[in-house]
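Shown next, in structure tokens, is the structure this report addresses.
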Amino acid sequence: MSALSEGLTQILIPLASLVGIGFAVLQWFLVSRVKLSSQDSSNGYKQKLIESDEEEEGINNLEISIKCTEIQHAISVGATSFLFTEYKYLGIFMCVFGAIIFLFLGSVKGFSTKSEPCTYSQGNTCKPALANAIFSTIAFLLGALTSVLSGYLGMKIATYANARTTLEARKGVGKAFITAFRSGAVMGFLLAANGLLVLYVSINLFKLYYGDDWEGLYESITGYGLGGSSMALFGRVGGGIYTKAADVGADLVGKVERNIPEDDPRNPAVIADNVGDNVGDIAGMGSDLFGSYAESSCAALFVASISSFGISHEFTAMSYPLLISSMGIVVCLITTLFATDLFEIKKVSDIEPSLKRQLLISTVLMTAGIAVVSFFALPSEFTLFNFGTEKEVKNWHLFFCVAIGLWAGLIIGYTTEYYTSNAYSPVQDVADACRTGAATNVIFGLALGYKSVIIPIFAIAIAIYVSFSLAAMYGIAVAALGMLSTIATGLAIDAYGPISDNAGGIAEMAGMSHKIRERTDALDAAGNTTAAIGKGFAIGSAALVSLALFGAYVSRAGIKTVDVLTPKAFIGLIIGAMLPYWFSAMTMKSVGSAALKMVEEVRRQFNTIPGLMEGRVKPDYANCVKISTDASLREMIPPGALVMLTPLIVGTLFGVETLAGVLAGALVSGVQVAISASNTGGAWDNAKKYIEAGVSEHAKSLGPKGSECHKAAVIGDTIGDPLKDTSGPSLNILIKLMAVESLVFAPFFAAHGGFLFKFI
């Protein structure tokens, strides 16, 4: 028996969620103290940002504040408008796919309402297949709505904080850093706490019907992970296409052709670019990491439900994944105080070490937290399901499983930082390659991306070996959860980047001094690296989550072994390995075609609007926003359909063994492509910023802005944009979404799949 009682477990999990929500509200309140005062203005927008205490020389603070407000308002309106339009499409998808789940799972036993023998708990009866169909559909809709809410809240917080970060930069880089980081923490804690609370409430509500049938209960809960990840896929792809179409268009015409700064207000694509940071890097990323959290929790819960925890109805031990997440919220709360209250940022060089320190502090504290949870929540000895056999496990085994996932995440984070930060030689070498033009820059960047895969893959491989050896597939599932246990801190660090990027854009557009722009550039450069770290975490956890879901799928589909030497499995393996390339081709081409239209529109405005280049008239920002919106909504459908339909088609036509091969191939191939794409793009971006900042003698020798070397770096950055912000981050959703979808539909595939082979 567990040392922790069921009653106390039922209190601690929602309490941790409410603490997380409360802390997020507190951080939001502190950010809002960069006060808004009511004052009518000509455009009808009644809010004005109050100036800072320290005046900028020669600049009217009131005028600057009003400009910042107008720009912030334009970005917020653009981002909100896009998300509402995107969510209309996704609302239709949710209803259609929810109906598909119900029809497929309900048809397994011909929509029978009779109870049936349990699959794993021998001698007991379980609820009918129709109940699984209904509750899986409800869980899917709950996961989808929570994912959408996560993305939307993140976007609103980011657009609320960007101009405030800009104005705080006038008081010093430390004040601006705290505002940006606290804003990121609001998103991080809201997402982690909401995800945990909705999952906890769903389990308890479902239990009212299922009663002692925990096998059926936790099988239906897997729909929660499917809903979260399906929304994340469209959010990542749609947002990624939006932001990169605008970014590429703004860079190619503005920087390369017209030789004007990145966020110059004369550039017609500049508002669309800043809107894109919020809908892609904030809303899309929030949905993505929520999907990873939901799937890792669902995978662990399902595997536990068919083990001794589920069969003997030990609620506290069963809730071990939720207790780990609860401890993570408390640990991340303490960790955040180190960045905002206990250590002060006094100079630019303190920013990146402070963010790296967040990762280390949260990992060390969480290791202790895992030990506490493992000792109190788990019996000293128990058995776990291991592909038809029982595996004897001790509670300290699970401590090592979660801990190794956690520390593997830190290794992936630090490796990503090494390969994407311009403080180290890999990115500096890429910048140096710009001396001889864009071609050598591209060659060095690609080589860096491929090389950056090595250490993360070894870290993932060791985590898989140790966790599987200790606790079978449940060990891998909780290792993935360990990697995501500090998700609140990870999200705070990740969201900090786009907020800082927007702050720099607003400073440029509002005409603030070079000194302020230098501060926001420093915040942004650190944010680029932390965004890459966030993507590394997402990809690493996706690999572990996908493997755990793969194991759960194999168990649920009744497959004894997956033999790659059989034709059915091998053709699936090779097709699955191809899918990440097909998906990347679709998303890259989507960005390319949308960017082409953007480039043509920006050129048209520069060529046909008199006085635009001289700054006498404003460009038509709205038309560029419309181009990005239309392109992203249209282009996100084919890649999304590829991912969502593949498991359904393969499982139905070719059967469970071929689908197992597809999942294995997509996992192995997708992780490599995703890491290299994300790191290559991040390295090219920071190589460009290294040249622009000119903080060292080496960097100064490559610059300044507008030089041939800088133009070569901009071209590399432009190529890397869709790699790091569209294709790379979306691939981790591909591998885990196909796995969780296969698990949800496994009963149907096992009963009716593979009919094509019956005719061959």
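The backbone N, Cα and C atoms fix where each Cβ goes, glycine too.
For 12-31, 89-109, 129-155, 176-203, 318-339, 359-377, 397-415, 442-466, 472-493, 565-583, 642-668, 733-757 (among others), the entry in TrEMBL reads transmembrane segment.
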Looking only at residues six or more beyond either end of the transmembrane segment (359-377), which have a C-beta under 8 A from one in the stretch?
2-4, 9, 316-317, 319-320, 323-324, 327-328, 330-332, 334-335, 338, 395-396, 398-399, 402-403, 406-407, 409-410, 413-414, 482, 485-486, 489-490, 493, 533
Between the transmembrane segment (472-493) and the stretches 89-109, 176-203, 397-415, 442-466, 565-583, the largest tally of CB pairs under 8 Å belongs to 397-415
Count, for each of 129-155, 565-583, 733-757, the Cβ pairs lying under 8 Å from the transmembrane segment (89-109), and report the range with the highest count.
129-155
